[in-house]
Amino acid sequence: MASPRLKYLSLGVLVFQTTSLVLTMRYSRTLQGDGPRYLASSAVVVAELMKIVACLLLVLKEHNYSLRALNSILRQEILHKPIDTLKLAVPSGIYTLQNNLLYVALSNLDAATYQVTYQLKILTTALFSVSMLGRRLGVYQWLSLLILMAGVALVQWPSETPGAKETEAPATGSQFVGVAAVLVACCSSGFAGVYFEKILKESKQSVWVRNIQLGLFGLVFGLLGMLAYDGERVSESGMFQGYNGITWTVVALQALGGLVIAAVIKYADNILKGFATSLSIILSTLISYFLLQDFDPTRLDC
């Protein structure tokens with residue numbers, strides 16, 4: 001059983017990482033630069049590559065920096081167990097889709113609206129946990145999920161005044177695309193997270209080795225997606241077009257997120273992970289309102 005210290009440390013790091021990633025990603029997707037904007041598909045690929053390298057270093061550290069031991073572990077767990085490795089192709093493909101959808105969502109929604117709507121993944125995670133892991137939820141947990149659904153519905157409730165309809169019209173389609181992207185990401189996140197948790201907790205292997213397997217498939221799926229959707233732009237201006245310091249920060253935070261989430265799933269569980277990430281809503285909302293100034297809370301006229 002995981003120690004409480006590791007459990008709450010991983011949850012705390014996850015809250016920090018989630019808040020930082022959402023805000024920097026939103027800023028990077030709305031920043032007006034001189035050249036072309038960076039490709040979201042390229043950022044997903046680079047993040048997967050960073051995650052693989054980080055996991056290789058962590059496995060190397062676990063084995064006293066022995067390259068021979070690292071080579072033995074990788075051969076034994078990846079090449080000699082092809083069925084176990086292929087099982088991770090499912091969550092890896094879904095995570096790759098999810099990562100691309102989050103860039104679409106944050107290109108069309110402000111950080112606060114995105115954060116609140118994305119918390120529906122707690123509901124999908126709970127439903128998949130009950131159906132796939134046989135987990136039982138208490139009355140208060142189900143009540144919390146119902147309150148969550150009500151909160152998300154209120155965030156998306158139409159609030160424009162008659163005089164503002166013409167002004168807001170051009171943005172309506174973009175908001176619909178953003179919300180649709182978040183909803184699909186919520187469903188994919190719930191299933192992939194519970195599936196990965198099931199694999200991790202049924203295995204005695206290092207969580208970092210499992211992340212290498214996950215990252216290898218993610219790298220392949222990411223490259224295929226990049227070539228399919230942005231192949232022409234990559235051939236014209238290169239894979240790293242539009243990259244700057246903010247872009248590299250986003251990529252690094254996304255790579256860190258994969259490692260932190262794996263640790264949280266290992267030492268805690270998916271439902272607790274979902275409630276922990278909800279804490280970042282408050283920070284994201286405040287920063288989005290005061291610093292980014294792209295979030296205008298609805299004012300109710302009495």
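Backbone N, Cα and C define each Cβ position, glycine as well.
Long-range contacts of the transmembrane segment (38-60) within its own chain (CB-CB distance under 8 A, at least 6 residues past either end) are made by residues 28, 66-67, 70, 73-74, 96, 99-100, 103-104, 107, 206, 208-209, 211-212, 215-216, 218-219, 222-223, 225-226, 229-230, 233-234, 239-244, 247, 250-252, 254-255, 258-259. The feature transmembrane segment is assigned by TrEMBL to 38-60 (among others).
Positions annotated as transmembrane segment by TrEMBL: 137-157 (among others).
If you look up TrEMBL, you'll see 177-196 (among others) marked as transmembrane segment.
What TrEMBL lists as transmembrane segment is 208-229 (among others).
For 245-265 (among others), the entry in TrEMBL reads transmembrane segment. Within its own chain, the transmembrane segment (245-265) is flanked in space by residues 6, 10-11, 13-14, 17-18, 20-21, 24-25, 27-28, 31, 38, 43-44, 46-48, 50-51, 54-55, 95, 99, 193, 196-197, 200, 207-208, 210-211, 214-215, 272-273, 276, which lie at least six positions past its ends and keep a Cβ under 8 Å from the stretch.
Annotated transmembrane segment per TrEMBL: 272-292 (among others), in sequence order.
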**Prompt:** Short question: which residues 6 or more past the ends of the transmembrane segment (177-196) have a Cβ under 8 Å from it?
**Reply:** 88, 90-91, 94-95, 97-98, 101-102, 104-109, 113-114, 117-118, 120-121, 123-129, 132-133, 156, 210, 214, 261-262, 265, 270, 273
